Amino acid sequence: TNTPEQDRYLQVKKYLEYVVVDNNMYRNYGNAGPCVMSAEISFEPLQEFSSCDIQEPLSQDIVQPAVCGNYYVEVGGECDCGSPKPCRSACCNAATCKLQREHQCDSGECCEKKDDCDLPEICTGRSAKCSCVISQGDLGYGMVEPGTKCTDGMVCSNEQCVDVQTAAK
C-alpha cells in the first residue's frame, strides 16, 4: 500500500500524463530513459526529458467541452468561482464562467482580508488592485491609521490588530 504522499504523486503523475498524451503514446523512443507515458509506474524522478516527453503537445484542451464550476479557468472561460451556491465572487458569473458586465478581472489582492485592520475592499472588476472602503483615515489599500479600534480591547498598530496595552508601550 502507498503512503498518502505516494498516492498524491501518482495522481499528479497521471494528470501530467494526460497533458502530454499524443497519438504515439506508447511508442519506443530509444534509450533516453523512461517516458512519462510508460506503462510501468516508477517513483524515481526523471533526470531529463526524453524525446517522447517533448514531442508536439496537443493543440487543444484534453477536457472537451470545457467545464464551468470546477474552479479552473479553461479555454473559453474568463473566471471560475465554482458552482453558483459556493461562489462568492461579485465579478464572476458562476453559471457561465464569464465576467459580469463591466468587469475585467475576478481575482487579486483585494479579495483577501488580512485581519480586522484591513478594511473591506471592493472588487471593482477593473483591476486586481484594491479599491478600499474608506471609513477612517486610510494608509493605502484598506489599512487604517494606528490607534483605530479594530475589535474589543484591540487597536491597529503597524497594520495589525494588537492588544491596547501592547500598543501603548
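Heads up, the Cβ atoms here are built off N, Cα and C, so glycines get one too.
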Notebook entry, point to check: Which one is it, Cys68, Cys123, Cys130, that Swiss-Prot ties to Cys97 with a disulfide?
Noted result: Cys68
Checklist line | Cysteine paired with Cys92, where Swiss-Prot records a disulfide bond, from Cys79, Cys87 | finding: Cys79
Check: According to the record in Swiss-Prot, which candidate from Cys81, Cys105 pairs with Cys87 in a disulphide?
Finding: Cys81
Next item on the list: Report the nearest neighbour of Cys79 (disulfide bond) in space among the disulfide-bonded residues Cys68, Cys87, Cys97, Cys105, comparing Cα positions.
Entry: Cys97
Next item on the list: Could you state the whole-number distance in Å separating the C-alpha atoms of Cys68 (disulfide bond) and Cys105 (disulfide bond)?
Entry: 17
Margin query: I'd like to know which of the disulfide-bonded residues Cys81, Cys87, Cys105 sit within 10 A of Cys97 (disulfide bond) at the Cα level.
Written below: Cys81
Item checked: Count of other CB atoms lying within 10 Å of the CB belonging to Cys79 (disulfide bond) -> 22
